[in-house]
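As recorded in Swiss-Prot:
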DISULFID  Cys5-Cys60  disulfide bond
DISULFID  Cys6-Cys22  disulfide bond
DISULFID  Cys9-Cys56  disulfide bond
DISULFID  Cys12-Cys20  disulfide bond
DISULFID  Cys29-Cys36  disulfide bond
DISULFID  Cys33-Cys48  disulfide bond
Amino acid sequence: GRRPCCNECGICDRSLDPMCICEDLVPQCHEGCQACEKVDTGTPMYQCRSFEYYHCGPICY
């Protein structure tokens, strides 16, 4: 399937096709996120805390 976009990838593993933790705060976690955490910033936002495959980069739509 299509990989979810991540503007700011944090820690990534060192494999050839790296899995990363996405630092983005989003209105809802992408389908397939295994560890979705609610982050309260005044409005409820979510962050996926599991290592997943992403398209990383600042211009990702």
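Cβ coordinates come from backbone N, Cα and C, glycine included.
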Of the disulfide-bonded residues listed as Cys12, Cys22, Cys56, the one whose CA lies nearest the CA of Cys33 (disulfide bond): Cys22
Spatial separation of Cys22 (disulfide bond) from Cys12 (disulfide bond) - C-alpha basis, Å: 9
Least buried by Cβ count (within 10 Å) of the disulfide-bonded residues Cys29, Cys33, Cys36: Cys36
Secondary structure at Cys29 (disulfide bond), reduced by DSSP to three states: coil
Candidates Cys20, Cys29, Cys36, Cys48, Cys56 (disulfide-bonded residues) - the one closest to Cys6 (disulfide bond) by CA: Cys56
Which listed residue (Cys9, Cys12, Cys22) has most other Cβ within 10 Å, given these are disulfide-bonded residues: Cys22
From Cys5, Cys9, Cys22, Cys29, Cys36, Cys56: disulfide-bonded residues whose CA lies within 10 A of Cys48 (disulfide bond): Cys22, Cys29, Cys36
Euclidean distance between Cα atoms of Cys22 (disulfide bond) and Cys9 (disulfide bond), Å: 4
Cβ packing number for Cys5 (disulfide bond), 10 Å threshold: 16
CB contacts for Cys48 (disulfide bond) [other CB atoms within 10 A, all chains]: 24
Other C-beta atoms that fall within 10 angstroms of the C-beta of Cys20 (disulfide bond): 18
